[in-house]
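Comments concern the structure below.
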Amino acid sequence: MAERFDRIWHNARLATMRADRPDLGEIEHGLIAARGGHIVYAGAAADFPADADAIKRIDCAGRWITPGLVDCHTHLVYGGNRAHEFELRLKGASYEEIARAGGGIVSTVAATRKASEAELVASALPRLDALIGEGATTVEIKSGYGLDAETEMRQLAAARSLGRQRPVAIRTSFLGAHALPPEADGDKDRYIDLVCKEMLPAVAKAGLADAVDTFMEGIAFSAGQTARVFETARGLGLPVKLHADQLSNLGGAALAAKFSALSADHLEHTDEAGAAAMAKAGTVAVLLPGAFYFIRETQKPPVESFRKHGVHMALASDCNPGSSPLTSLLLAMNMGATLFRMTVAECLAGVTREGAHALGVLDETGTLEAGKWCDLAIWDIERPAELVYRIGFNPLHRRVWRGQ
């Protein structure tokens, strides 16, 4: 009796992105079969049973299929609008001047605290829709603009709600240690006490976070303060991530590695020792060219060092109101190639396989292979390099999430 599937996509070219295959894992004459939302077969059409049946067969007319895209670092949920600050900066105002005038992250925190969960969801939906419209099937969303227990949890609840309102997998990260709230009066240690003793336990009890993130930087939190957050997270059974070495080298990459972090992100100032430590720990480097571009950074992340040591590299939008108002993984790939000199294969892996790796969900998505969710992006392109090469162009033909 012939095997029956829910859907079969045939007459397709596949970029499987499997790590055990060279380059993009291309299959020129490929086919994908799915059942129950999962891939059952992804491979050469010639090796697939000719008598296989399906409820629906889709002729892809020679189009390319990649895994659905993964944006592994975003701050999609927030209140307010900081476009006016962009205008001020173009007129010569510094970050410090804007902050003293009540702008910067303080303004986003104030607006986020005032917003209801429904308002946060409504403002984030267009940003999420933009990512979905370019083939994203998994999106990570951080808190970090509440800086008090109530608002941080409201941000995370809003992120979870987005996943119920759209066909997309949402992964949430608690980023309570993002900045110091105004009411802390400059006392970082006291605020970290609040994060570790009140916020994190409440977030964990509510099941609102898949991971815990921290911003370790001179303008944010120290290595010791970060370690306290990570130790608390570990005690609660939550994996960790780190905003590391963006503006200076405080040893963030090495600290992330010490705690076996899923990822260390930004990394413009990471040194050789940090890269080696990340490789040994299996911590993914998440590169964020949108922020590099938007704040006109000049120090590039050490891509050659990451290659040398075998550090896995992901790319993400870092969508946020202050330093990367970017909602395009296609543009993030072009920036990764143009600004960081990443290869086409590295860029495509960065928003598929390695993005999933950075979220700890590589066993579920990120490549085209049997057993994973049937998350696909089908493209009107002649070759996969076009996804990285072209600017301001969206060749997505169809997006498939969990087989639908």
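Any Cβ shown, glycine's included, is placed from N, Cα and C.
Fair warning: this is a prediction, and the values are worked out from it, not measured in the lab.
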Query raised in the report: Looking at Swiss-Prot, Tyr145, His178, Gln246, Ser323 are annotated for 4-imidazolone-5-propanoate. Which of Arg82, Arg383, Arg390 sits in that same site?
Result: Arg82
Report summary line: Checking Swiss-Prot, the member of Asp318, Asp363, Asp375 that binds Zn(2+) with His73, His75, His243 is Asp318
Query raised in the report: Given the binding-site residues His73, His75, Arg82, His178, and counting only Cβ atoms in the protein chains shown, which has the most within 10 Å of its Cβ?
Result: His73
Requested in this report: Using the recorded Zn(2+) site (His73, His75, His243, Asp318) as reference, state which further residues of the same chain have their Cβ within 8 Å of the centre of those residues' Cβ atoms, listed in sequence order.
Outcome: Thr74, Lys142, Asp265, His266, Leu288, Ala291, Ala316, Cys319, Asn320, Ser324
Query raised in the report: Within 10 angstroms of the C-beta of Asn320 (N-formimidoyl-L-glutamate binding site), what count of other C-beta atoms is obtained when all protein chains are considered?
Result: 24
Query raised in the report: In terms of DSSP three-state secondary structure, what is the assignment for Asn320 (N-formimidoyl-L-glutamate binding site)?
Result: strand
Report summary line: Taking the centre of the Cβ atoms of Tyr145, Asn320, Gly322 as the N-formimidoyl-L-glutamate site, the remaining residues of that chain with Cβ inside 8 Å are His75, Tyr78, Arg82, Ile105, Thr108, Gly144, Pro321, Ser323
Query raised in the report: Between Ser323 (4-imidazolone-5-propanoate binding site) and His243 (Fe(3+) binding site), how far is it from one CA atom to the other, in Å?
Result: 13
Report task. Based on Cβ atoms within 10 Å, give me the single least packed residue among the binding-site residues Gln246, Ser323. Result -> Ser323
